[in-house]
């Protein structure tokens with residue numbers, strides 16, 4: 001009977017995790033569509049500090065979709081192990097990339113597709129080899145872990161880094177560097193996940209008949225979660241408004257997952273029980289993620305696909321066979337990009353802004 005119940009819970013958790021990825025992946029598209037509609041109307045954009053998106057129903061639909069996805073993801077942890085639920089979060093990257101190609105006219109070149117795949121694979125390897133967290137059943141246990149000197153130092157550093165990025169780096173480089181706003185969301189996300197875990201313990205205690213809301217930690221976790229989530233929403237909107245969704249989504253997933261894994265390792269002392277194979281697997285996954293990010297970011301403006309790669313290789317072979325010197329394939333691609341015109345994009349007053357918003361055709 002217990003085994004059947006375990007299988008039942010497993011499939012419930014699996015369904016919730018997949019549903020979560022679909023809702024979260026779709027939320028990026030809905031938010032981006034809403035932000036683009038506002039840009040077309042001439043409203044002050046989120047990337048410039050505007051908040052007109054609060055009046056756009058598509059943005060709110062995206063927010064609701066993300067809320068449903070996060071709720072499903074939170075519930076999934078109650079039924080299935082973390083080693084199943086967390087890697088499945090990578091599906092939201094694929095869902096977002098597929099939907100953006102249909103609804104936002106955004107395209108990933110060959111480098112981007114390989115980089116996205118490597119990022120997903122690397123994150124999955126890291127999660128698979130990461131040790132299980134220690135079991136925490138009561139708020140008193142969670143309190144002692146949150147007051148541990150190691151976690152207090154980590155949380156203090158996270159807050160300091162976030163404040164520096166928000167007030168010093170963001171105003172100077174946020175409009176041009178895709179990593180600034182995404183890093184803010186990611187480091188703050190590590191703390192928000194810790195709050196979610198604590199609230200999960202609170203909810204379990206509430207169902208068990210405990211007076212959990214008499215414990216001050218419950219209210220501290222609620223206020224902290226609201227603050228962290230509000231900050232994440234604000235800066236994620238700015239990143240989505242300025243840069244290509246196909247780039248923001250996978251990079252955000254990679255940074256967020258790495259931050260959460262680091263926070264969990266410090267909070268629950270996971271690394272103390274790691275074997276050699278898990279250590280090697282974790283670092284291998286991390287290096288794979290770095291390679292994926294490099295491919296996504298460094299070659300995002302190179303119009304390289306399997307189709308034109310095949311044609312270009314044939315041209316190069318023909319030129320070499322005739323003994324004539326030729327430009328490299330990448331030089332031809334750069335020349336092609338220079339001569340490209342906007343294909344169905346929005347007039348956002350500059351080619352640079354249009355390119356970053358994915359309105360220049362890549363395929």
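Each Cβ is built from the backbone N, Cα and C atoms, and glycine gets one as well.
Listed features, source TrEMBL:
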TRANSMEM  12-30  transmembrane segment
TRANSMEM  57-79  transmembrane segment
TRANSMEM  85-104  transmembrane segment
TRANSMEM  111-130  transmembrane segment
TRANSMEM  150-171  transmembrane segment
TRANSMEM  178-199  transmembrane segment
TRANSMEM  219-236  transmembrane segment
TRANSMEM  248-267  transmembrane segment
TRANSMEM  279-299  transmembrane segment
Problem - Stretch among 12-30, 57-79, 150-171, 219-236 sharing the most Cβ pairs under 8 Å with the transmembrane segment (248-267) - result: 150-171
Fill in the blank from the handout: Ranking 12-30, 57-79, 111-130, 178-199, 219-236 by Cβ pairs under 8 Å to the transmembrane segment (279-299) puts first 111-130
Problem - Closest-packing stretch to the transmembrane segment (219-236), where packing means Cβ pairs under 8 Å, from 12-30, 111-130, 178-199 - result: 178-199
